[in-house]
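According to TrEMBL, the protein carries these features:
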- Gly109, Thr110, Phe142, Asp228, Glu229, Val230, Gln231, Thr291: pyridoxal 5'-phosphate binding site (BINDING)
- Arg145, Ser290: N(2)-acetyl-L-ornithine binding site (BINDING)
- Lys261: N6-(pyridoxal phosphate)lysine (MOD_RES)
Amino acid sequence: MTDMNEQLDSYDHYHMNVFGRPLMVLDHGQGSYVWDTAGKKYLDFLAGIAVNSVGYAHPKWTAAVADQAGKIAHTSNYFATVPQIELAEKLLTLAQAPEGSRVYFANSGTEGNEAALKLMKLHAKRKGVSKNARIIALTHAFHGRTLGALSATWKPAIREPFEPLIPNIEFVEAGDVDALTQIFNQGPVAGIIMELIQGEAGVLEVGASFVQKARQLCDDNDALLIIDEVQTGMGRTGHWFAFQNEQLSAGVMPDAITFAKGVAGGFPMGGLITFGQRVSELFTPGSHGSTFAGNPLAARAGLATIGIIEEENLLENATARGIQLREALMNCKNDLFVSVHGSGLLNAIELAHPCAHAAVEWLLNQGLIANAVNPQALRLAPPLNVSSAQIEEGVQILSHIPYDLPND
Ligand SMILES: *Cc1c(COP(=O)(O)O)cnc(C)c1O
């Protein structure tokens, strides 16, 4: 099976059809470049959807994972391993979490959010209002595909086929302070879950003043403010976590955050961080768990990823390359580009008409990977160690996307 179309036919034949036909079959990568099985090379401005933080096959990441695989790859939670202990401590340090804060490891973003939803339910129960306490999520939010996280995910097309879901979740438009206040006035609220930049909706900022208001309402009503950092975390916006970026959060401290995507540089991992003792005490032995939680291979991959981000100053690089990317795209005079926005290396180009899928195909032909985050926007999220020359190379290709591509 050497022909790529033959491989894709086989893929279609054997896989559950939930993703549609993949664009190509990838074989190997190096840094910001990846090759398909037909030998074509691509500059990757998607990085596995903001997952491959340090690019493909970083020698230190590869060595760490290989070393760990040769020692111990899984234990179950009857036992602990040193990588998981070290990673938990490291994450709390990076999040500047106060004494008493805790980490729960899961295996994906949606699982981190499942833990967050259970946390809010435990909080409501402790308050004595569990029967009718509501959970607030935002319109256009994406929190995952499992039934709990899906209940807090906005897009009707992916949520409605699975209803009824968790009851008592209310959606509020980001920025609508009055609507948010009104929900609190109507009765008990367990908490709010929100992204600071809605990645899947098109890289849209929720707005610092709205976040500030949410914090105040949660404080006044003893509700939890949980920030979903699955896409924005681990350096993606030039800060370890987006809530540490004053422009996005107005300095607001959440009660908990969830993380996943970039945390282990391509190894599946996710989780929940609770801030301070009071929130951290909600989960007790037996109240949550997962066979793979804190898996040593994943934890070692996470430590290696964080180590590389620190050694190579990749927070600074994400900030600088992001500015370079946005400025170059705004100056490239492509009439198709209405606006360019984002933070660090999480960015989107707003298009003049809904041709994002055709644009993605055109870009692939030219050797650049991006994604159509909605019909009228391209998402660009290169590895955090993308170089200045590679940004130029990508912009060169992007600047030539033709205007008159077919609409979706
Ligand atoms: C991707 C994403 C998720 C879901 O993560 P999975 O690992 O796909 O389950 C949740 N929240 C946000 C903000 C995401 O971007």
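Start at 1 and count along the chain as shown; that gives each residue its number.
Positions of Cβ are set from backbone N, Cα and C atoms, glycine also.
Residues from the binding-site residues list (Glu229, Ser290, Thr291) with a C-beta closer than 6 Å to any atom of ligand 1: none. Across the residues annotated as binding pyridoxal 5'-phosphate (Gly109, Thr110, Phe142, Asp228, Glu229, Val230, Gln231, Thr291), the two Cα atoms farthest apart lie 25 Å from each other. With every protein chain in view, the residue among the binding-site residues Ser290, Thr291 whose Cβ has the most Cβ partners within 10 Å turns out to be Ser290. Cα of Thr291 (pyridoxal 5'-phosphate binding site) to Cα of Lys261 (N6-(pyridoxal phosphate)lysine): a distance of 19 Å. Annotation note: Phe142 (pyridoxal 5'-phosphate binding site) sits in a coil segment as assigned by DSSP. Around the Cβ of Gln231 (pyridoxal 5'-phosphate binding site), 28 further Cβ atoms fall within 10 Å across all displayed protein chains. Listed in sequence order, the recorded positions from Arg145, Lys261, Ser290 having a Cα within 10 Å of the Cα of Val230 (pyridoxal 5'-phosphate binding site) are Lys261. According to its DSSP assignment, Thr110 (pyridoxal 5'-phosphate binding site) is helical.
Just so you know, of the recorded positions Arg145, Lys261, the Cβ with the fewest other Cβ atoms around it within 10 Å is the one at Arg145. Here the candidates are the recorded positions Arg145, Lys261, Ser290. The one whose C-alpha lies nearest to that of Gln231 (pyridoxal 5'-phosphate binding site) is Lys261.
Checked against Gly109 (pyridoxal 5'-phosphate binding site) by C-alpha proximity, the recorded positions Arg145, Lys261, Ser290 yield Lys261 as the nearest.
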